[in-house]
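Quick notes on the structure that follows.
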Amino acid sequence: MDGNGRWAKERKKPRTYGHKIGMQNIFPTILNLKKYNIKYVTLFCFSTENWNRPKKEIEYLMKFPSEIFSEKKKKQYLKEDIKINWIGRRNIVPDSVRKILEDLENETRECKTIIVNFAFDYGSFVELENSFKIVLNNIINNQMNINEFSIQNIIDNLYTKNIPPVDLLIRTGGEQRISNFMLLQLAYSELYFTKVYWPDFSKDDLKEAIEDFNLRDRRFGGIMENEKK
């Protein structure tokens, strides 16, 4: 969900205004994703590196959860059978943010139509560090033989351990990089970059991204049957 600040700047508005309008685009986009029968979606809302932004902007971004998941919006999420998972660090954010997100996880735990991973204070480096520490601790304490180690042990201890690998990454805002997002989970993902800023990202833009994805030849390191001849 990139490009909020630049969207606002082009309109001679403060960056926080861009975030406000960007927040308003989250729920409609989730509803549009539901129409494609997409089961899992992850929204990158606040990264571990975003703490380096101006204090005023950080303070505003910490209001994200309370505004996105207000009591009124919460009812809409439940009505649409949307399950919310929080992926990211839970020990750094303010207590108020932690409570909102953990309460929402609990309240939507029975929802099944679409699962939304809300990446807040998320960074892939931190996620991988945590996973490696768990595995190393198991080896040190003789709970696991090092010769039995595989990459699956790391995957099993990620924030995303209960969801499948990413099929398609859509990055709005024109930047063409991954920015410390799900580095392991994106191993065989298709990447789609659009210059459209997140506040302007519409159902037509989503349709274009999905149609582009459906035309991709996903080989997962192999070759097609007709190329073997």
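Cβ atoms are placed via backbone N, Cα and C, with glycine included.
Positions annotated as active site by TrEMBL: Asp2. With a 10 A radius on its CB, Asp2 (active site) counts 22 other CB atoms from all the protein chains.
Sequence-distant contacts of Asn50 (active site, proton acceptor), defined by Cβ-Cβ distance under 8 angstroms and a gap of at least six in the same chain, are Ile58, Leu61. Positions annotated as active site, proton acceptor by TrEMBL: Asn50.
Annotation comment: TrEMBL describes Asp2, Glu190 as Mg(2+) binding site. Taking a C-beta cut-off of under 8 angstroms and a sequence separation of 6 or more, Glu190 (Mg(2+) binding site) has the following same-chain neighbours: Asp167, Leu168, Leu169, Phe213, Arg216, Arg218.
DSSP assigns Ile178 (substrate binding site) to coil in the three-state reduction, placing it in neither a helix nor a strand. The 10 Å shell around the Cβ of Ile178 (substrate binding site) contains 14 further Cβ atoms across the protein chains shown. What TrEMBL records for 3-7, Arg15, His19, 47-49, Trp51, Arg53, Arg171, 177-179 is substrate binding site.
Using a 10 Å Cβ-Cβ cutoff, Gly5 (substrate binding site) registers 21 neighbours. Asp2 (active site) carries neither a helix nor a strand DSSP state and counts as coil.
DSSP assigns Arg171 (substrate binding site) to a strand segment in the three-state reduction. Taking Cβ-Cβ distances under 8 Å and a sequence separation of 6 or more, the neighbours of Trp51 (substrate binding site) in its chain are Ile58, Ile92. Highest Cβ count within 10 Å among the binding-site residues His19, Arg171: His19. In the three-state DSSP classification, Trp51 (substrate binding site) falls within a helix.
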